[in-house]
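Enquirer: Copying in the features that TrEMBL gives for the protein in this structure:
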DOMAIN    1-115  domain 'Thioredoxin'
SITE      D31  site 'Deprotonates C-terminal active site Cys'
ACT_SITE  C37  active site, nucleophile
DISULFID  C37-C40  disulfide bond
SITE      S38  site 'Contributes to redox potential value'
SITE      P39  site 'Contributes to redox potential value'
ACT_SITE  C40  active site, nucleophile
Amino acid sequence: MHKPDNIFISNLDNFQKLVIEASHQKPVLVDLWAEWCSPCRVIAPVLEKVATEFHDNLAIAKVEVDEDENMKLAGRYQVRGFPTLILFINGEEAGRFSGAKPLSFIRDFIEQHSDL
């Protein structure tokens with residue numbers, strides 16, 4: 001399975017443009033994850049399914065917090081565990097959850113916090 005084109009890599013340098021500004025066009029679900037995090041690896045294929053289901057209406061930004069600069073983003077958004085997923089709509093945080101969740105939970109989360 002190839003990675004859907006609405007999943008992209010974000011970092012401290014491009015977060016403002018690719019997440020905050022882009023979320024004015026459509027919701028952006030940010031996945032703050034770490035390479036050493038087992039639940040992060042579990043949720044990755046689930047997020048690919050979410051990206052496929054919501055293809056035209058949602059973007060998914062993956063932020064690897066193993067990189068020092070990206071830890072600043074985790075600090076800015078007071079992330080305490082990984083993975084943490086934050087939904088941005090119109091430049092603002094609309095909701096968040098932590099941990100590996102099933103597809104049904106993530107689908108419901110997105111639908112509850114947006115007009116999708």
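Residue 1 is the first one shown; counting continues down the chain.
Every residue gets a Cβ built from N, Cα and C, even glycine.
Automatic prediction, not curation, is the source of TrEMBL annotations.
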Enquirer: Any same-chain residues 6+ apart from S38 (site 'Contributes to redox potential value') with CB under 8 Å of its CB? Would you list them in sequence order, or say none?
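Expert: Expected: none.
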Enquirer: Using DSSP, would you call C37 (active site, nucleophile) helix, strand or coil?
Expert: coil
Enquirer: Express the distance between the Cα positions of C40 (disulfide bond) and D31 (site 'Deprotonates C-terminal active site Cys') as a whole number of Å.
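Expert: Distance (Cα to Cα, whole Å): 9 Å.
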Enquirer: Between C37 (active site, nucleophile) and D31 (site 'Deprotonates C-terminal active site Cys'), how many Å separate their Cα atoms?
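Expert: Cα to Cα, C37 (active site, nucleophile) and D31 (site 'Deprotonates C-terminal active site Cys') are separated by 12 Å.
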Enquirer: Within 10 Å of the Cβ of C40 (disulfide bond), how many other Cβ atoms can you find? Include all protein chains, please.
Expert: 22
Enquirer: What are the sequence-distant neighbours of P39 (site 'Contributes to redox potential value'), meaning same chain, six or more residues apart, C-beta distance under 8 angstroms?
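Expert: Counting only residues 6 or more apart in sequence, the Cβ neighbours of P39 (site 'Contributes to redox potential value') under 8 Å are F82, P83, G99, A100.
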Enquirer: Over the span of the domain 'Thioredoxin' (1-115), count residues by DSSP class, listing helix, strand and coil in order.
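Expert: Split by secondary structure, the domain 'Thioredoxin' (1-115) comes out as 46 helix, 28 strand, 41 coil.
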Enquirer: How many other Cβ atoms sit within 10 Å of the Cβ of C37 (active site, nucleophile)?
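Expert: Counting Cβ neighbours of C37 (active site, nucleophile) within 10 Å gives 17.
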